[in-house]
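Now, the feature entries from TrEMBL:
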- 54-86: repeat 'ANK' (REPEAT)
- 87-119: repeat 'ANK' (REPEAT)
- 120-152: repeat 'ANK' (REPEAT)
- 153-185: repeat 'ANK' (REPEAT)
- 1-16: signal peptide (SIGNAL)
Amino acid sequence: MLIVVFVGVLVEAVIASSGLDLWNAAKEGNLTYVDDALRTGISPNWVNQDDYGYGETALHVSSKFNHPTVISALLEAGAEKDQRDDRGETPIFWASMHGSLDAITRLIESGADLDIPDNWGVTPLMTASYRGHLSSVEAMIDAHANVTLSDNDGYTALHYAAGHNRLSIAQLLLSEGADIRKQDNTGRTPGHLAKDEGYIQLQEIIDGITGATSRKVVYGI
Ligand SMILES: *[C@@H]1O[C@H](CO)[C@@H](O)[C@H](O)[C@H]1NC(C)=O
Ligand SMILES: *[C@@H]1O[C@H](CO)[C@@H](O)[C@H](O)[C@H]1NC(C)=O
């Protein structure tokens, strides 16, 4: 009986012993464990190169899985808010990809940079537009994310919305001054992408603004 109790105490004492423990607790949203791990001196900026990691920190995974209290604990402990992983993706990029709105809100409050692109030039706003996360797009636009940036293929957030039939997002981007005539690297406007994919309603909205010019524009000019 005494021995069992003693073993229990030992197990308690050795929890939170590695960066990967912290990382996994952040992923699960286990705030108690994250706090314990940080108190034992584990760096909040430990980078996961194990476990099929791509250089993500605990802040990346807690952002992806939408754990705002864990995000706050990590930031208070000195986590780098704009850390880029091996693909150049920041915590807010991950939150945007998954539509993790609470995480996005918390990161914006902490002053995260919304316009840092990944290694392919894709911004958080573009990835949220592509995936159709309207609330995330709204939150980032309210926080002044740049709607006119384009990625390495020349795609803007509006290209991504138009090419994936994200009607409400496209309308929002248009109301925020997204460039309807911006051509990608092969000369295609957002209207072209909507037309190619057969997204009639979206194409009509764009045509309504451009005076139907998108039907006449020739590719490659
Ligand atoms: C948090 O992690 C610890 C250690 O793994 C575990 O004992 C505890 O049950 C977890 N708490 C929750 C709420 O999952
Ligand atoms: C937005 O990005 C464009 C480049 O596409 C840049 O010219 C412009 O200054 C940026 N706007 C702001 C407010 O940073």
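Just so it is clear, glycine is given a Cβ too, placed from its N, Cα and C backbone atoms.
As a summary of secondary structure, the repeat 'ANK' (120-152) carries 17 helix, 1 strand, 15 coil according to DSSP. Counted with DSSP, the repeat 'ANK' (153-185) comes out as 16 helix, 1 strand, 16 coil.
Over the repeat 'ANK' (120-152) the predicted model carries a mean pLDDT of 98.
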